[in-house]
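Asks: Once you've had a glance at the structure underneath, I'll fire off some questions.
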Amino acid sequence: MPLQLLSQRLEKTQHDGLYRSLRSVERTTPQVFVEGRQALLFCSNNYLGLAEHPSLAQAAADAALQYGTSSAASRLVSGNQPLHAMLEAKLSAWKGTETALLFNSGYAANTGIIAALAGRGDIIFSDRLNHASIIDGALLSGARLIRYPHNDTLALARLLEQHQTDGLRLIVTDGVFSMDGDIAPLQGIADLAEQHRALLMVDDAHAGGVLGQQGRGTVDFCGVTGRVAIQMGTFGKALGSFGAYAACSRLVRDYLINRSRSLIFSTSLPPAVLAASAAAVELVQAEEGQQLRQQLTDNSHLLRYLLQQAGYKVPDGCTPIVPVMVGEAETTTRFSTRLLEEGVFVQGIRPPTVPKGTSRLRCTVMASHSPDQIQQAVAAITRVGRELGVL
């Protein structure tokens, strides 16, 4: 009977056009094989192309040979190794904070940080389009969750005025929003946090390595360095490695070490990952990192311009996330399938990841894409869009 219930629920998912399955993708380069079919990759978060960079691969290999393949314990037992402290020091110097604390993934970081900071009697103010891990962290915390309209600082100000508490008030926002590629108005949000004595946390997963001086992210890009209590970032996107971190004060770090369950009850990141991440942090601050960021920006502008010229209502912007709105989930799935047949791999994004009626192709561009590859992708998106009546 229990399995029959699961089967019925899965059948409904299929009926609603929301069924998901896994596809095998070889490597993260612009040209890949997807289940044996050659295609241009336009849905990877490998923004700077560092996942294939030889310096990261060499650092990982050297660390595995020197330290082994696993930390074999949580950091509070015996899994706190010198490489953890080394990487945290590099992170805090890069992000301009007192210190930093590593987590095993962006999801583990957001759920672990938010559920540790807030609890009953506290209030969390979250942008309506924040990542699911932020929402899940808020729900796990037991705090009251108030979601404000997307990037609307006037609405946030009203909500902060209306909802007082003797406990903690925490404002959480994405820096770059993962489905639309737009940037949070951090100047205004930081002003409100200070005015209303609230903590401010920014999820900078999609901006680290991409925006700001030396790729420091949206906090630097928006000019609010020193005004954000917690900067959450990841290594699995522009930095080409794996894991996540909180760049913060020593007080917040100590608090999280004692309260964050996703940190306390997880085996810590392995040596190879730590070394690769450290190499990436160094690289994005160097001249090569600046060159890659410029190429990424140029490619983002080219992709947006060509899609706009084709007739798509694509927003202007400087981030590598470029949404092509489709609408219905079933049409989006067909669009993605047809694109793969045309030699372009772009995943369709459907509910619950995005609201109903806003399904889309989430195109992402990399620094390693050539102008010709971008033109090929747009030509295919244009052909299929006309075929399906989207364009």
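Along the chain as shown, the residues are counted starting at 1.
Any Cβ shown, glycine's included, is placed from N, Cα and C.
Predicted, not measured: the structure shown is a model, and the values here were computed from it.
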Asks: For the pyridoxal 5'-phosphate site that Swiss-Prot lists with Gly106, Tyr107, His206, Thr234, give the additional residue from the candidates Ser78, Ser178, Ser260.
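Replies: Record check against Swiss-Prot: pyridoxal 5'-phosphate site with Gly106, Tyr107, His206, Thr234, extra candidate from Ser78, Ser178, Ser260 is Ser178.
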Asks: Pick the one from Arg20, Arg23 that Swiss-Prot also lists for the substrate site with His131, Thr353.
Replies: Arg20
Asks: Within the same chain, and leaving aside Gly106, Tyr107, Ser178, His206, Thr234, name every residue whose CB is within 8 angstroms of the centroid of the CB atoms belonging to the recorded pyridoxal 5'-phosphate site, in sequence order.
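Replies: Surrounding the site, in chain order, are Asn110, His131, Ser133, Asp203, Ala205, Gly236, Lys237, Ala244.
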Asks: Of all the binding-site residues given, Arg20, His206, which has the fewest Cβ neighbours within 10 Å once its own Cβ is left out?
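Replies: Among the binding-site residues Arg20, His206, the sparsest Cβ neighbourhood within 10 Å belongs to Arg20.
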Asks: State the count of C-beta atoms found within 10 angstroms of the C-beta of His131 (substrate binding site), not counting that atom itself.
Replies: 23
Asks: Counting all other Cβ atoms within 10 Å across every protein chain shown, which of the binding-site residues Ser178, Thr234, Thr353 scores highest?
Replies: Thr234
Asks: Counting Cβ atoms within 10 Å of each candidate's own Cβ, which of the recorded positions Tyr107, Lys237 comes out highest?
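Replies: The residue with the densest Cβ neighbourhood is Lys237.
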